[in-house]
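Let me begin by presenting the structure, written as structure tokens, before commenting on it.
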Amino acid sequence: MSATASLLQTIFPVFALLAAGYAVKRLGWMQPAYAEGLNRFVYYLAFPVLLFIVIARTPRAEIFKAEFLGAWTAALLVGYFLAGAVSLAWQRDGIAAMAVRGFNTSCGNTSMVGIPLCVAAFGKDAALLAVLATIANAVVGVSMTVLFIESSRQTAASRAQLVGRIAWSLAKNPLMISFVLGFACAAWYGAPPPAVSSLCDMLGGAAIPCSLVATGLFFAGHTHRIAYSQASVFTFIKLIVQPLIGWAIARYLFGIEGRLLAILVVLSAMPLASTCFVIAQRFDVLAEETSSMMIISTVASLATLSVLLGWFGV
């Protein structure tokens, strides 16, 4: 099989399912209520089950990739504050806007798009790395962004309550719960019994196609006016600069090479996560710009991810 055919085989199903989700919403075959239900199924059931079974089958010593997590978190922080500095110097519209732009440029769609793409390109065990990146995005990126936004609006007394709410939110996150359960199973029991494994394989197998269709439905249901000016600049940082930051930090500070480096860089190049829009809309900060970034980055990532996968010989 030629390199082009191999690349097409990897990336085509991912973006075809995104397009399918967009199409069924536009054609009126699925209403917004169904899209919300599909998103909830993926987030609360299918993805956690997929994560649980992947971790439960992984030898305990291989679950925590310290060098990967360290490099990923360092790259996330550098990208976050680089974009924040650009926002403060160029747009000068406050700390809340700085936080949202920093989050937008450092937090990619490592779950809904990253997991299926990495599984297709690098094998099923790559799902664990994508999940570790997703957890780091939530623990570091989401928490930091909410703290910046709320701190710019609230008093010192309410900030203590805010930290407690964020900690509780992370503790009841389905991915966090499934990660802990999967680790406990791997540590004290090993791989689950065949019947449980079959159930998890069947249910977890729905996570990838459903997540991609759900993402396409999301785009079709959020047709905001495209704010090209700011969105294009920060999309460039997201798709081009952030992967370069990830590559440099992983390669030269952490000594990561080969397949692990390729997975980290590809995950760094993911388009904007829907979480970014949720936060922007929830706090009414740059919702239109964030929506525009999601659309532009997802379309442009078809080209940038193809180049990256080709570069790494996938």
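Any Cβ shown, glycine's included, is placed from N, Cα and C.
The transmembrane segment annotation in TrEMBL covers 39-56 (among others). Residues of the same chain lying 6 or more positions beyond the ends of the transmembrane segment (39-56) and with a Cβ under 8 Å from any Cβ of it are 63, 111-112, 115, 124-125, 127-128, 131, 174-175, 177-179, 181-183, 185-186, 189-192, 197, 200-201, 203-208, 210-211, 214, 217-218.
Taken from TrEMBL, the feature transmembrane segment covers 68-90 (among others). Long-range Cβ contacts of the transmembrane segment (68-90) within its own chain (Cβ-Cβ under 8 Å, at least 6 residues beyond either end) map to 97-99, 101-107, 129, 132-133, 136-137, 140-141, 144, 233-234, 237, 241-242, 245-246, 249-250, 253-254, 256, 260, 264, 267-268.
Counting same-chain residues at least six beyond the ends of the transmembrane segment (126-149), those with a Cβ under 8 angstroms from any Cβ of the stretch are 50-51, 54-55, 58, 63, 65, 68-69, 72-73, 76-77, 80, 95-96, 98-100, 102-103, 106-108, 110-111, 114-115, 118-119, 159, 162-163, 166, 170, 173, 175-176, 179, 260, 263-264, 267, 273, 275, 279, 283, 285. Look at TrEMBL and you will find 126-149 (among others) tagged as transmembrane segment.
Taken from TrEMBL, the feature transmembrane segment covers 170-190 (among others). Long-range Cβ contacts of the transmembrane segment (170-190) within its own chain (Cβ-Cβ under 8 Å, at least 6 residues beyond either end) map to 43-45, 47-49, 51-60, 63, 111, 131, 134-135, 138-139, 143.
Note on the transmembrane segment (202-221): residues 14, 17-26, 30, 32, 34-35, 38-39, 41-42, 45-47, 49-54, 109, 111-113, 115-116, 119, 274, 294-295, 298 of its chain, located 6 or more positions outside it, place their CB under 8 angstroms from a CB of the stretch. Feature annotation from TrEMBL assigns transmembrane segment to 202-221 (among others).
The transmembrane segment annotation in TrEMBL covers 233-254 (among others).
Annotated transmembrane segment per TrEMBL: 260-280 (among others), in sequence order. Beyond the ends of the transmembrane segment (260-280), by six or more residues, the same chain brings 65, 67-68, 71-72, 75, 100, 103-104, 107-114, 117-118, 121-122, 126, 129-130, 133, 137-138, 142, 145-146, 149, 215, 218, 222, 235, 238-239, 242-243, 245-247, 250-251, 286-287, 289-291, 293-294, 297-298, 300-301, 304-305, 308-309, 312, 314 to within a C-beta distance below 8 angstroms of the stretch.
Taken from TrEMBL, the feature transmembrane segment covers 292-312 (among others).
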